[in-house]
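K.L.:
Before anything else, here's the structure in question.
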Amino acid sequence: MERGCPAASSESVTSAGERTQSAVTSSTSTWVKSQASTSRKTEASEESGLGAVDAEVGAGREAFVSMSTLREDVEDVCVSSNSQHGFAVVLDDESSTFEISSSNSLPTSAGAASTVGVVAVDDSSSTDTLNGGHPDLGHPASSEHSRQGFFNEDNEDPPVVCLINDDDDDEEPEPEEDDEEELIEDEDEDAVDIVTGAISCPNTSQLALADGTIMAADGSKIFLETPVVEEAQPHPGQVVTTGSQSELTGKPKRLSDEFLLGEEDQAENLALGRCIKSEPVNPVDDNPSEGDDGATCFSLHDRLMSVRLKQMSLTANTVSNPSPAASANAAAPEEASTSNSSSTSSSALSRADIESMDLIERRDFETEQRLTGGIILRTSSMVSQNKLNLSLIKSMAGGSKAANGSGTANSDDWPSSSNGRTVSSDSKYTYKDLSTTPTSSRKYTNSRLSKSTAKLNLGSSLGASSCSQHRSGSSSTSKSMESSTSCTGAARTDVYTNTNSNDYPSLAPTTSGSSTSGGSCQQDQEENVSASVSYSSVGSQTSQESGCSRTTAINPTAACSTGSACLGDSQASTSASTSSGAGASNRCQYATTSTTKAARQVNASAQTQERFLTRSNPPAASGAGSVGANPTASVRQRRNGSSDVVHLEVVVEEGAGGGDGGVVEPGDFSAEEPWANCDEENNCSDLEEICTCQNGNGSSYGGSNASLSETFDMDAMDPDEPISLSLSSASAGFTEYSLTNPSSLMSHQRKRKFNEGRLLDGGDYSVTISSSGEVGGPGSGVSDNCRKRIAYDFASTPRSSQHLGPTAVLSVTPSSHLTSSTPGSALGRRTPRSVPSRDNPPPELQHWLAQFQRWSHVERLLALDRLIDHCDPSQVRHMMKVIEPQFQRDFISLLPRELALFVLSYLEPKDLLRAAQTCRSWRFLCDDNLLWKEKCRKAQILAEPRSDRPKRGRDGNMPPIASPWKAAYMRQHIIEMNWRSRPVRKPKVLKGHDDHVITCLQFSGNRIVSGSDDNTLKVWSAVNGKCLRTLVGHTGGVWSSQMSGNIIISGSTDRTLKVWDMDSGACVHTLQGHTSTVRCMHLHGSKVVSGSRDATLRVWDIEQGSCLHVLVGHLAAVRCVQYDGKLIVSGAYDYMVKIWHPERQECLHTLQGHTNRVYSLQFDGLHVVSGSLDTSIRVWDVETGNCKHTLMGHQSLTSGMELRQNILVSGNADSTVKVWDITTGQCLQTLSGPNKHHSAVTCLQFNSRFVVTSSDDGTVKLWDVKTGDFIRNLVALDSGGSGGVVWRIRANDTKLICAVGSRNGTEETKLMVLDFDVEGACVKCS
């Protein structure tokens, strides 16, 4: 099995194991059967066994006798050997031609690297069957198990409701026509988040619905939970409607999302005309009126809110003088409050009971540095199911109804201190002491004072209860208001009071006007009234987990605008269709309409208002106007009037679309502009900070925020400078304000803040806004999902127990399309909070991305090209900064070492060397020894210990390398470059033998042995070129020689062979027996085979100096011989090639086919290759003696051949060199062309890369063995072509030895040594 494919390996192992197991089983059964049969045949076997043995022995003897003689000879001489004999050269005395034979061998190369197979793994372990179905919202949960979502049919676990942490805010479901969402399989590790059941969630397929609910396979529902506030989940039996796909887009978490989760669901269902059926919790009325269907719709928000308040809710059985049991019921969970809802009373909690509750809670606050708790105000749609059904709401509503005649409300009914706290603070909230805040710009920080934050949820039910009358009777200051009918109803709707003892004991809210007895207030369109909302806010807290301050608010009182209708608490069952009405009808802007647009939350800090409360008295709110008119009121800003009232206008932006009824979800970026984070660098310090959270579908400009944030930079404006507030009528009956400051508008468009120091100087600011215009029509109502938050944060607020009355007035008026504002209006400008960012993208971005996803690949590329063309350099630079890190991941370092090495093994060695220069980690991996060993194996590089390796470190020129195989490869690479392209160093010239011919040449290690016709042999050092020894003893010319280690054997015309000791130069043995010139020899181990002109071959033992065998059979002089230790192959002038068995002294095969003298041989144990004067080269089979191939192509005598791994290179007297494949008989390359030799090729050498050839033209050429291309000339004699000849060459990986001379005396006889090794290579020399 190939490595790198674990899947395939495991499968193969498994298959092999199965086959082995089956084989063992089969063999076992066979053995059992054979035992039974053997027991029955025992006696018969004993009788006939001896005869069978004799018969088998006889048959074996006959087979042995009948073996062929050739087979016996082969088996007798079956000892393989690799020839390392020297180059023997014999001058043919008869023909005067040189016979060239080469036997120098290079290491064999291994086969090609095995490829890595990749086997795909089929994961068939899953057995779940996914069945998709469209949910039927009209059926209960019991029927959803078989029709809704994806489920596993094999799962029999009981249904369970799991709570999953909703952290994947950035995921966007694919837009599809169906309501099916992608499967969500998320296991929540928080055990306390499991609401229903104690069993874990079954591992089944789940369907995510659009309202944040996941429908499991068994019919159970999984409700997502945000990480901010823990929420209670509805009953599993409830049916939850689904929304559109686009409404599920994630957005930044904020507190308003947590508190309005139920409102969002309810608004969605109201838009779809559906009703969420749930168990009624704390109904406001004992006998609520029936709706259209006779079924009361309730919101899930009641349950969700109770969990956030640690399940501390107000019970419905409070009386005017509550008992301690009633107090205990006030702290009971919501589930218990459902049973007590029938005993509600119209009186509020007594102060004594509230004080007793405060004593318990004060201990918690004192341990938290006397910080106040959160006060949560929930005002949802006036439809009854969206109300917080708490007893305090009804009791306060009843109290305010009783006071309609007098038009005043008692301030004692409005507790603002710890005595009036009715609920405990949520322990999950994070409280922060202002004295310890990291901002250093707080100038009036007081450690005694606590920071309180008020959260005002200005939903469409802000005026659900009838408008309460202002305590100061501000309505009497306006004549037009006296003639009009305003709204006064049950104030303090949906109130949760949670204050600190340092707050004011009473803050009474009042609103001008009187209410009708029916709980709703209507008036003619011609009458004009000024609407204002007074907020007495206390108890703020700052959330650490968001950039904006988390706030809660209390005591809202609303005054409806002209021509509006306010729905009271008694209209609990008023349906959405009833409240929508006709488009031309006038109704309150806070009434619930069928066009469920996003509602807004306005969060006001109590400390900010307390700062205003200490400096102001109730003013007279005046306003005049008529329907369709655009009046303009001039308002002056004063600092020295202690009786001035600060009127803060908050224009609640309507959702765009002209009342089309589109449902806007908080997660839909296309329908709203998300809120930005508070910037520390933008002076978010102890100065007042306004956090505006928009939810509009119209323009990207925060127009409704601009009226408060941008227009009034109150600390920098002149006290006497007038502020012009122009009121213009907009389309669809909406009212829009254009607030301009002609002299200082542009200079005040900066961070929204109120300088606390200026406020303490005694100056308050009065802003009176006169509003008029038709309110109503399609989409005129402020819906449930809009939210707007305003936070006023002050560090030091003087605490006082005196009654200060209402001081700050917030006028909330719906606004129309911001695009219709005038160019100079501040409403058309974007506030700093709406600047787009990564977490706050523009609304159109989501649509653009959705369209981009629908395009094909080519269309996307085109869109990107166009996008880049329209980008300026700064934007292109931003793209580069984002894209570049994606391509800079160090995947090699991240992988395990084994996998990283496996990846690197596919790189070429030169690429590995470059990769090693990347970093330390990559160098460590790229230097792996086994990795480079494989590279060396493929390149046929042997890393044996060599004495001529170059030095490393200080003395050498190569850096030290940890991996020996890498060092060997790098050294070989440098050597190859020296051969191929680098300048040839000046050769060493070894002069000797005078003017005689060098007839034989041997080279091994650092020693060179040359034989000449001057009867001598010389031993040279290949390192320094010195002549080490001169071997004298022959009486005739030396025409053949062999060399092995320290032994030199020479053959001469004196018919003897001599064995020499290289170190001492002494002749060890003289081998006599031949009767003519010893023309050729081949040494293998301790035996040497010699061929002579006497037509015989002799086998000698060089250690004993004796003749072992004499082989007789040739008819003419033996010209060439090869010996591998087992068989001897000889070629002679009788045109024949013989294969001998030396031990038996017999000829196994006579290879006949040549038609002329045989001059050269090559033998590798399997094949015999013979070159003849007949220009042919024949390939013979050793076993059969048959001729396998006849290689034709040369035109003359084949003077020399080299054979390595089925590759044969032959040099011919026709000046060409050919490369053959002896297995196929094809000519692979012909080394010729314009750079070919100009005369006969005398000798050649080759390895796996190069072919080196010498010629009578006096040149030595280098060729590429694979391509046959000419590389360059290594040697070019000056006398070349005029008599200079290169007779013999020998080469290894680093050196080339050339025997040079001439026939006419034009070139001196010498040896040239060319070194291609790495510079600095040091070899041991003697």
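Placed from the backbone N, Cα and C atoms, the Cβ positions cover glycine too.
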K.L.:
Given the ranges 318-351, 692-725, which one is assigned the annotation region 'Disordered' in Swiss-Prot?
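P.N.:
The listed stretch tagged region 'Disordered' in Swiss-Prot is 318-351.
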K.L.:
What residue among S22, S142, S825 has an entry for phosphoserine in Swiss-Prot?
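P.N.:
Among S22, S142, S825, the residue Swiss-Prot annotates as phosphoserine is S825.
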K.L.:
With respect to Swiss-Prot, which of the residues T226, T813 bears the note phosphothreonine?
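P.N.:
Candidates were T226, T813; Swiss-Prot attaches phosphothreonine to T813.
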K.L.:
Which range, 1-58, 233-290, does Swiss-Prot list as region 'Disordered'?
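P.N.:
Of 1-58, 233-290, Swiss-Prot gives region 'Disordered' for 1-58.
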K.L.:
Which residues of the same chain, at least 6 past either end of the repeat 'WD 5' (1153-1190), have a Cβ under 8 Å from a Cβ in it?
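P.N.:
Residues 74, 80, 83, 99-101, 1119-1122, 1124, 1126-1127, 1129-1133, 1135-1137, 1139, 1196-1203, 1208, 1210, 1212, 1220, 1222, 1224-1225.
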K.L.:
What does the DSSP secondary structure composition of the repeat 'WD 7' (1236-1273) look like, as residue counts for helix, strand and coil?
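P.N.:
The repeat 'WD 7' (1236-1273) comes out at 0 helix, 22 strand, 16 coil.
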K.L.:
When secondary structure is assigned with DSSP, how many helix, strand and coil residues does the repeat 'WD 5' (1153-1190) contain?
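P.N.:
Reading the DSSP string over the repeat 'WD 5' (1153-1190) gives 0 helix, 21 strand, 17 coil.
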K.L.:
So how many of the residues in the repeat 'WD 4' (1113-1150) end up helix, strand or coil by DSSP?
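P.N.:
So the counts come to 0 helix, 22 strand, 16 coil.
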